[in-house]
Amino acid sequence: MLDAFAKVVSQADARGEYLSGSQIDALSALVADGNKRMDVVNRITGNSSTIVANAARSLFAEQPQLIAPGGNAYTSRRMAACLRDMEIILRYVTYAIFAGDASVLDDRCLNGLKETYLALGTPGSSVAVGVQKMKDAALAIAGDTNGITRGDCASLMAEVASYFDKAASAVA
């Protein structure tokens, strides 16, 4: 896993070049937006149980066959595994938000996840719907302007959305 700083330095080093002005400007902007980034991570983390529970509740209301006898989330053990997986995906999304880089999400969460779900007979499309529901909830919570660092958060919210989209497409 490389954070945004290590990634830029590593790429410049591999090319045998100094950091460019545009790279330094991009990293400076990342530092300037650091408080907003921490606010977003804190909000999502502080509401993680609610985000996961509500996303699961909504998913099962839309796809009741998942919790019916024979469904992939039928029995308390399978339901717990489903909620655990949603929680893990959300946790790694917050790591990516904090780092400003999706590599931690890719390397430690998404790599091989689709194949695991296929092997278990878990419908990846249902997992993707659950991730999208977490995305909607997380964006609503993170985008609330009350009590957070002031400033334009449009690009940060787009970045947050992209991590959820990456997770959803990885399992679909």
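Using the three backbone atoms N, Cα and C, a Cβ is placed for every residue, glycine included.
Per Swiss-Prot, the N4-methylasparagine annotation among the candidates ASN35, ASN54, ASN72 falls on ASN72. Cα to Cα, ASN72 (N4-methylasparagine) and CYS82 ((2R,3E)-phycocyanobilin 1 binding site) are separated by 9 Å.
Between the alpha carbons (Cα) of CYS153 ((2R,3E)-phycocyanobilin 2 binding site) and CYS82 ((2R,3E)-phycocyanobilin 1 binding site) lies a span of roughly 31 Å.
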